[in-house]
Amino acid sequence: MTNVNFSGKQLQQFSQYNRVWIPDKEEVWQSAEITKNYKAGDRFLHVQLEDGTELSYPVDLAALPPLRNPDILVGENDLTALSYLHEPAVLHNLKIRFVESKLIYTYSGIILVAINPYKQLPIYGDAIIHAYSGQNMGDMDPHIFAVAEEAYKQMARNNKNQSIIVSGESGAGKTVSARYTMRYFATVSKSSGNAHVEDKVLASNPITEAVGNAKTTRNDNSSRFGKYTEISFDRGYQIIGANMRTYLLEKSRVVFQSENERNYHIFYQLCASAMQPEYAHLKLGSAEEFNYTCMGGSTVIEGVDDRANMLETQKTFSLLGKFLGIHFHIFCELLEVNCDKMCRWLCHRKIVTTSETVVKPMTRAQAVNARDALAKKIYSHLFDFIVERINQALQFSGKQHTFIGVLDIYGFETFDVNSFEQFCINYANEKLQQQFNLHVFKLEQEEYMKEDIPWTLIDFYDNQPVIDLIEAKMGILELLDEECLLPHGKDENWLQKLYNNFVNKNALFEKPRMSNTSFIIQHFADKVEYKCEGFLEKNRDTVHEVLIEILKESKVCFRNSLSLLMVTLNATTPHYVRCIKPNDEKLPFEFDSKRVAQQLRACGVLETIRISAQSYPSRWTYIEFFSRYSILMTQQELSINDKKQICKIVLQRLIQDHNQYQFGRTKIFFRAGQVAYLEKLRSDKLRQACILIQKRVRGWLQRRRFLSMRRAALTVQQYFRGQRTVRYSCLLPARSWSFYICHVLSPFCFNRVLESHFQSQKEIYEKEIEGLNFKVEHLSQDINHLQKLFREENDINDGIRLEVSRLTSENLVRSRCRGTTQKLKSQGSNKGGHVRWHLHKALSLPAGLVCKETMTLLSADLKPRGVVVNMIPGLPAHILFMCVRYADYLNNADMLKSFMNVTIDGIKQVVKEHSEDFEMLSFWLSNTYYFLNCLKQYSGEEEFMKYNTARQNKNCLKHFDLSEYRQILSDLAIRIYHQFIIVMENNIQHMIVPGMLEYESLQGISGLKPTGFRKRSSSIDDTDTYTMTSILQQLSYFYSTMCQNGLDSELLKQAVKQLFFLIGAVTLNSLFLRKDMCSCRKGMQIRCNISYLEEWLKDKNLQSSNAKETLEPLSQAAWLLQVKKITDDDAKEICEHCTSLSTVQVMNHLFPSGRTDSIGLPFHKSSIPQQSTSSLLMLDTKHLFQVTFPFTPSPHALELIQVPSSFKLGFLTRV
């Protein structure tokens, strides 16, 4: 694959230090760095290979080698995000992700490419399923669950049927991928009934694998049939049933297996269970004893227990309706035909002529063929029967609303010898490829129309000609059917007709040069040579007429079933999974570039890339472009307020050819190579900046070194001259001493005096600095002390304000009641110091009715925001308790029981009715807690009375023990708390990932990169984006509401701890599933966000809540993204620091392997000791810490509590 028709600007890309891809026989492509600028007309491109080899690669202007993508795109999770879209770029990107990062999934536009790791990976648990549930495709790392979620979401949103098409060659992992999609649907759409439909759907897999899968040279569990499973959903999008259709069962495997291959698994499972009593009547033996099971010489699969698998097959049969015994009896019934007749007609053939009927004996070879044909027919019928019974078990009585179909079918196949089976498989793949091409083309067109970009017809490969060659009138299949109808039809005659009709007449059909028994078809993926031998026999599935009468068999035409499948797929929205086999030796994480390249060509991935490359494959939102390339913008351009306009101005300045990009409504579309050009400009600008910084630093270092050397030179000169002068003075006559002292020594002495002066000044300054440092330290301590006093004073002032408000309210009530009190005193109604409430309606109404009215008004009519102002914490709870005291004072058990039951039921009812109202839940959690504390405080029990004042102890209950009710209230409080936590989590959860992980608050460290077809953002307007500020504001709202409702400080701390755990767990889980976020930059951003949360805790005086500790795993993960990972000492430091992370989390998901912004290179996993025994990757976001309700006695005197008029409890009076 090469670039052609290069413009002058594009030729600039072939300059020194840029990299290209050179064809290679072993690795398909190898990277090389250009060592000399290429100019138009040069016959050679001078490059250096990665091993240091210098090479002059012959080129011409129309066939330059493909350019390599910039480092920023290394390991990209969507192939369509690559700036240069071609085969070597795709192959290299997949290899980097698979081998270095151990990532098996990659997007290619609408395709999920899945590479078989040949190793169990911890990425399919229920926690992973729930992590992908509800997420947009592209927001998380590529995964089979992301495809399943996209199909499920589109079905629910658009009420349209969906299909997931899983294809690939044998051993690529198709069956496992299809199984995981069905498991995903079963998990996220649990039915409400007791039918366990999801379990039955999943149970069908082991059965069909037992009777339809076999060991081949490429795969130990190869599906030898195609399967379309239609999972039905009701209007609530819950699974109600399923239906299965099968295609292309490889019947020839029943009677023939190549070397090192096996027959279908079920035969070996039966033979391994031959000694079981339930199979005694089948007269089974070892698999080596039967011709049909030992042909391949491989009756055992390493690591597979056929007997255990048989037990598993039995269990799944039982789950689907206990018809295991039935199909074995079918075997018996088929064998219990008349033995003489069967023997006769296996060895003889009846020929009917116009005058007579002749019975003719067959040759041994003919008899063997007749036997094999009968065996294939029996097994085919048995297979269809089992599928039919599975469908009966999965039938449903309700009406299907929508369905999701999962197609698991062979990919394109080519072997050394290709026969009728490969022809049918490749024909089916031609039909599927055509459907895929049309769908990709349609999606591209819709994307352009949505962005208001002019749509230009893009040429794409149309494989209709090869389909016509196969299925059109007088095509290959029609000629085959025609030959099958002839009495003496032969493969050779049919082949000759093909030669006559198509050789030199159809470019897609060829005759091999060295063979007269084969033909070649140019498929969309590759040329395939087919041997004509056996085509007629397999097409008509020959079983002699008499045997057909014995078996009463029927025949299904493959073409009709394929046609029906295509009609079904065309009526659904398709989703594509292409499974790739990385090597033929089944080695874990080994990448054979030749084999992978072959499969990429065959499965349509490169066709998707080609279609994308012809249009505008790279797509950036305006915000992404601005963040990434702001370094290329001038100050004048940055002064414009409209970011979208800035992007347009800058791009028009940087890229003169306006055909290389298009401005959409929300995105900028780039042609192939333009993002790489922008990256080159950006890297050049950064390189220039680095050079400038280096120049300044080096200049400063050299200046510093020069001054130091100059001082040293002056010192040496000074002492040398002094020594010389002293020596010279010894030679002077006595008369010259006076002259010497005046003119020579005087300057020297003057210098010594100056040095002495400077030394003394230095000592004085040092002492002054030491004194100033001491003062600064002292002042810092004073400031900290003053800040502490200020906070304490604020807390005291808040308490005083609340107390003043309460006293003001009490004084107002007292002034109103003073006259009434005097009147009561004059009437002698004051009976003593006991405070109680009198229900003056009790004389005319039943006690239960009055209690119910009181509770109804308190629970339903109170609005939290309206009653918390100027009100003591838990006032409704105190009122309820004082009603309890009145019943206790009257020693009225019925009244007390009625009131407590009504109170508890009332709280339950209000919580149920306001189960999503955070303020109401907070209000009643607080009051339930205070009511429970009042029952304890005034229970008369010594352990609670010791906290009371003498006056409070006088108000204790006298006649009843309410410990049972306390337990009921405690359980109720726990229920309210859990619902309270759920509401808080639901309100904040959608903010966590955008605010903690995605939002970039630190300037200059943006990690935004080019993205492909799967875009996360879609708008220039980012005002609705959740930020760290959004999270802090939500936390502050929770905190202020809890404080206003008087929630106990210990309960408040527990709630905050639970919220912080959720924030940390959700962020960390998302980080595990988003490798694009695993970078040093993102680690810095996460640590910054954690510091904001810690500052919030400090500001609210919640450091003792242990909420900070719940963020420790996230903090360690962020730290890990930033540290060096090179030496064993680094590994040791990681082990010492990352104590809250498991080895799985550290090694598999926090090492940004292959990324250019990581610090250091990842070292081998053996360097990391086991951190913990846990093998779980995800944190449990549903985990709840145990809640405790500490006993906190109320400081409020019951005598002073008044009922505000806003409570509308006028029938309550003080007596």
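Yeah, the Cβs are placed from backbone N, Cα and C, and that goes for glycine too.
Keep in mind it's a predicted model, so treat the numbers as computed, not measured.
Positions annotated as ATP binding site by TrEMBL: Gly168, Glu169, Ser170, Gly171, Ala172, Gly173, Lys174, Thr175. Around the Cβ of Ala172 (ATP binding site), a 10 Å sphere holds 26 further Cβ atoms from the protein chains shown.
As annotated by TrEMBL, domain 'Myosin motor' applies to 74-683.
Residues or ranges marked as domain 'Dilute' in TrEMBL: 900-1182.
As annotated by TrEMBL, region 'Actin-binding' applies to 562-584. Taking Cβ pairs closer than 8 Å, the region 'Actin-binding' (562-584) reaches residues 94, 98, 108, 110-118, 144, 147, 150-151, 154, 158, 160-174, 177, 181, 218, 228, 245, 247, 405, 407, 411, 427-428, 431-432, 435-436, 439, 590-592, 595-596, 599-600, 603-605 in its own chain, all 6 or more past its ends.
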Worksheet entry | Number of Cβ atoms other than its own within 10 Å, given for Ser170 (ATP binding site) | 19
Practice prompt. Across all the protein chains here, work out how many other Cβ atoms are within 10 Å of the Cβ of Lys174 (ATP binding site).
Written response: 28
Worksheet item: Here are some binding-site residues: Gly168, Gly171, Gly173. Which one has the most Cβ atoms within 10 Å of its Cβ?
Response: Gly168
Practice prompt. Using the centroid of the Cβ atoms of Gly168, Glu169, Ser170, Gly171, Ala172, Gly173, Lys174, Thr175 as reference, list every other same-chain residue with Cβ within 8 Å of it (recorded ATP site), in sequence order.
Written response: Asn116, Asn219, Ser222, Ser223, Gly411, Cys579, Lys581
Worksheet item: With every protein chain in view, how many other Cβ atoms are within 10 Å of the Cβ of Thr175 (ATP binding site)?
Response: 23
